[in-house]
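Quick look at what Swiss-Prot annotates:
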DISULFID  115-192  disulfide bond
CARBOHYD  7  N-linked glycosylation site
CARBOHYD  21  N-linked glycosylation site
TOPO_DOM  1-40  topological domain 'Extracellular'
TOPO_DOM  68-73  topological domain 'Cytoplasmic'
TOPO_DOM  93-114  topological domain 'Extracellular'
TOPO_DOM  139-159  topological domain 'Cytoplasmic'
TOPO_DOM  185-204  topological domain 'Extracellular'
TOPO_DOM  233-247  topological domain 'Cytoplasmic'
TOPO_DOM  271-290  topological domain 'Extracellular'
TOPO_DOM  314-355  topological domain 'Cytoplasmic'
TRANSMEM  41-67  transmembrane segment
TRANSMEM  74-92  transmembrane segment
TRANSMEM  115-138  transmembrane segment
TRANSMEM  160-184  transmembrane segment
TRANSMEM  205-232  transmembrane segment
TRANSMEM  248-270  transmembrane segment
TRANSMEM  291-313  transmembrane segment
């Protein structure tokens, strides 16, 4: 379906109706030009089904990961503590998935308070995820490249680091909590997005560029640096066991980037276009709007993928899961002995003990 948009009022109504849940901001600049807008978007029922599956898989998988790590208290490593917090963040976000699913179908019917809270949870999940992965990369870099027991081996320091990550993630996410509002224009579904008032372009630049610089780009550079030197050390020293055990961490980082990097790149392109750093055309505007919808779904999918990684390539996770079942009498000791896979302990390899 195509709609001729000839003034700001019509455009505003169309955007709220068709892109109610897109994170991209509606164009409100004075020089906004009329466009022939293509409103064909992803099938909302398919999106609802995807969100429902993500909710179920994430709820089950991340709860299981937390149980396995909490049960293996005696041999819990520093990386396990970080991954425990990562599972907590994904589980917290998963609890909001039913709300996102309903909003795709009916618009935002939950009011402004829940609009603020759910948006805050989404951003906290994103920032805490990449900051925790950056901390893991630093820990592995110091432990393998410099072959030393880092200060983070002290359990109480790890807890303070995790608390600091949660606090920083909350600070970086506060703009979404402060500025998100629900609007219900006539003949249109209610929407939840930032109300920036005047000077929209300036505030959009601040709210997008600064948090993503400190909460995404810088942690990403830290990860690339640390894992680059870590991989070089592993290959040069022929540390076979450490290399195999590091597969889980590398897989977690790779999946995070595959899920969230496309969304952030599209969001950056949208910001540059809306602030006139790059030329804005009707075709480019429509392409970016569609890309925001698609890549946001990919980002949401991330919350259920880490447990799948642990189950398929995390030897110690499978061992910990079987051990937990045996302790509860759900499987026999003989079954545990026969099916338990060989693991690499953190004492000999200095890698995650439970995953």
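Keep in mind that glycine also has a Cβ here, set from the backbone N, Cα and C atoms.
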Among 74-92, 115-138, 160-184, stretch most in contact with the transmembrane segment (248-270) (C-beta, under 8 angstroms):
115-138
Do the transmembrane segment (160-184) and the transmembrane segment (74-92) come together with 3 or more C-beta pairs under 8 Å, pairs six or more apart in sequence?
yes
Reduced DSSP assignment, residue 192 (disulfide bond):
strand
Beyond the flanks of the topological domain 'Extracellular' (93-114) by 6 or more, those residues with Cβ under 8 Å of it:
20-21, 44-45, 47-48, 51-52, 54-55, 58-59, 62, 121-122, 125, 180-182, 188-192, 300, 303-304
Averaged pLDDT, computed only over the residues in the topological domain 'Cytoplasmic' (314-355):
62
Taking the Cβ of residue 115 (disulfide bond) as reference, which residues of that chain separated by at least 6 in sequence fall under 8 Å from it?
108, 180, 181, 182, 192
Counting across all protein chains present, how many other Cβ atoms fall within 10 Å of the Cβ of residue 192 (disulfide bond)?
24
